[in-house]
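According to TrEMBL, the protein carries these features:
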TRANSMEM  6-26  transmembrane segment
TRANSMEM  33-53  transmembrane segment
TRANSMEM  59-77  transmembrane segment
TRANSMEM  89-110  transmembrane segment
TRANSMEM  116-135  transmembrane segment
TRANSMEM  155-175  transmembrane segment
TRANSMEM  181-202  transmembrane segment
TRANSMEM  214-233  transmembrane segment
Amino acid sequence: MEHIKFIFVLVLGILSVLVFLVIRVCKCGIPGILSKTIASLFFVFTGLSASFVSSGHPGVKFVLIGLLFGMLGDIWLDLKVTYAHDGKPWLYSGFVSFMLGHLFYIIAIIRISQMNFFFVLFSLILGILLGYLAISLEKVMKLQYGPYKKVSLIYVSLLLCTSMTAFLACFQTNFKNTTLLLFFLGSLFFLASDSILSATYFGTKRKEAPAWIILNHVTYYAAQYLIASSLLFL
């Protein structure tokens, strides 16, 4: 019965994302914020419904908290789009929410995989180094971070730490843990989504065409729904 509820919530979530994409491409404003909030709320509900099927693993709560911060980040970033004349506070709020979300995802991965200390340390150091490298290549990548360079460095480092931690967790478990595999796949979609978002926000030639908007959100929601669904296999 719980599996049926999970599938029902997941399907509703996917439909809500499709509705949001139509509204987002056609117009922004309040309808865009409301539809995005609903689409994001559903990946939290998806995680909750998946957790009812799982074995009550202690890592579950960290994933759910990460999903909640992801939802908050979505709201702040859409407010930034809606109130572009005063978007700086909303953009910073979005950054902080997503950073906290990734921090909780990293903790969840470590708890679920029972990762050894060396792998944890290696993934964090490598993530930070790669983050610094990515930000330092802004001219090559035709980006201008401006006043957001420092916060972008912290966020990108956490994003890459999430991917590295997920990959090493899969490696440690011989790529046999479905939850961790979905987590890693989700982290790759995050990387794709944020690469597009960086070009949209900080690109010298901003990619604001409907196709880029759709691709950005499809990859983002794929990431969150994969991570939410991963709890089903704990």
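Even glycines carry a Cβ here, placed using N, Cα and C.
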Would the transmembrane segment (181-202) count as touching the transmembrane segment (89-110), i.e. at least 3 C-beta pairs under 8 angstroms with sequence separation of 6+?
yes
Can you say which of 6-26, 33-53, 116-135, 155-175, 214-233 has the most Cβ pairs under 8 Å with the transmembrane segment (181-202)?
214-233
